[in-house]
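Only one structure is covered here, and it is reproduced in the block below.
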């Protein structure tokens, strides 16, 4: 069964929040390159030359798309230069602040839960005066200090009826138990009276964990304590009472006492429990699945010493206001890395991220993980996120872990779950995209999660029971539309900047809670400023390229202004850092000149003598007299020589000097030219009757791009090795074969109905090749760092071709506008 092809391309037309621009960070080399680019080619010649879803239906969509226009060029280069003046030093305070946050990570920073605090407050004093006083008075003080002005308890920034009702009732019960604060109890009961009707209006997806059992249990406790002024018979409660009975009957009583399950997290208020058996399932830290409320209830029922030690420890740690769940160390470490990477700012925190991933790897098990280390219950959400990040960071993790979450052809988050979580399947899909050859369980996970999420999308049901996020539907859509191979780094960052809610994103446990190291405005501010800084630099480079394009008359060879933008966009979307301007501009310029020469060679292919002379002139630089008869030949010959001079000047300096760089660039271009001239007419072009698409290069141009990028990056040894030994390097050969397949697939896609079978076959071949390449790229080995970087360049350029092959033009143009021109 083929992989589900994720490209129906449902273009989003949401209005995006726009913010003011900042300048772009500048590195010395980037400044030099930008000045030359803006100056134009006349300044570049001062140095003397040294000698389940059918792949064929990719572009068919049920919606009518209007072609997006690329945003217009900015005004004057000086305007952009003024905007670019802010140095990277302006970002340093934010970078330092985030770094301090990352280095503070321990067992998880999370907000207090009034509900859990109330359960701990209900624990009577051990060995005291018959239980007439609370064992943990700090929790009572916290309750008194945190009542909201409307009489309720709960999250003050986001109103959820479920959250406010269960928090408020729990706090009223706790205060009533100790006959404290009658006025506060009265205010809480008044709030419950006035808002009970809201429970009937709430969506089921936003119901906290175990609410159907915990809330009725609290109501019964209130009744037992003699709380009179409570609407016990309110109509909104009837369905909750009924659901409680249904859920209690569904709980496998014997199993929950024999093996660890997620039920351990919600024991409070459950009747008829066999505590001696349940104590055998206690977590190693003394808790019941890291739940303060469940553990407090167990402590009241058993007096267990380990339960007491766990509760006592967290009460002291959090000054009375205990969290909804603790610890959450693995959850925090994993999600922090994910947020930093998707926001496009991970490059500032490589050491901290490496420490996070080492921590996660130490606690990884073949059965999976949970939100906390050493958990005896695992879940697919944390497991999938950890698997994906560990694999992307080079750790050797087996996909067989997902067999623990598969049954009867379906995948689940927890054993015995009642509903499927959208984010669980979302993260499973993201993990399944990082697959190697032969990993069938990941194939099954990808098919299942893809179909589940697409169905929810069609139903308008992308809502989750674990998080209230700013734009979860947008996150899901992007992941399905642009899987890992097709997700270019700067496109992902620009998209996620509009989706990340910062401190406003809220998690759903037994109550609403917040993870300040996962969701905060500091990350968002740094990411926005960093993106806008980089974007300003990219706009300067675009202005320089526009001038360079016109001065070299590339329009005479079929290269259009939009092609300039698209070529630069592919480079900037993969190599975006200010310090790598030379590599980025080398990629864009080489792509455009190569396209122009390719067009020219096709145009003169019938004139064998002219073709031979043109190629001969380009590598015999002193023999140019014949060119006077052919103005177009003169234009291209001059443009290429200027480009080689410019690239040699902008390349990272090396010990051998600029002349050696110039020689290597000339050699790479000469070899490419000879291959292009001697190449037979491509049978795919002949069959399709169309010109090749400039964004999807053939293997010769693909290798030329990589060689030029490596030379300009100063990795000369790798570039020389590539030129001399590419036929013997399997990684290079496989990337070239994949490039050919992408080129072929792009041509066939002009008539998907006619070529559906062939496209499907090619897609399978491309998928297998990409899996094999990914395995070689990601797994840690003893390669030199420079070799790994060269592999990364091969991979980045190939991914850009994969993206261009599978993206309709209007979508590419939309991304060009958002990445290059539209500030966040």
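Here the Cβ of each residue, glycine as well, is placed from N, Cα and C on the backbone.
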Candidate ranges 371-374, 375-378, 379-382 [criterion: Swiss-Prot lists as motif 'DXDD motif']: 379-382
Structural state census, the motif 'DXDD motif' (379-382) (DSSP three-state): 3 helix, 0 strand, 1 coil
Residue 247 (substrate binding site) - helix vs strand vs coil (DSSP): helix
Lowest local Cβ density (other Cβ within 10 Å) among binding-site residues: 379, 381: 379
The motif 'DXDD motif' (379-382) [mean pLDDT, rounded to integer]: 96
Among 247, 465 [binding-site residues], residue with fewest other Cβ within 10 Å: 247
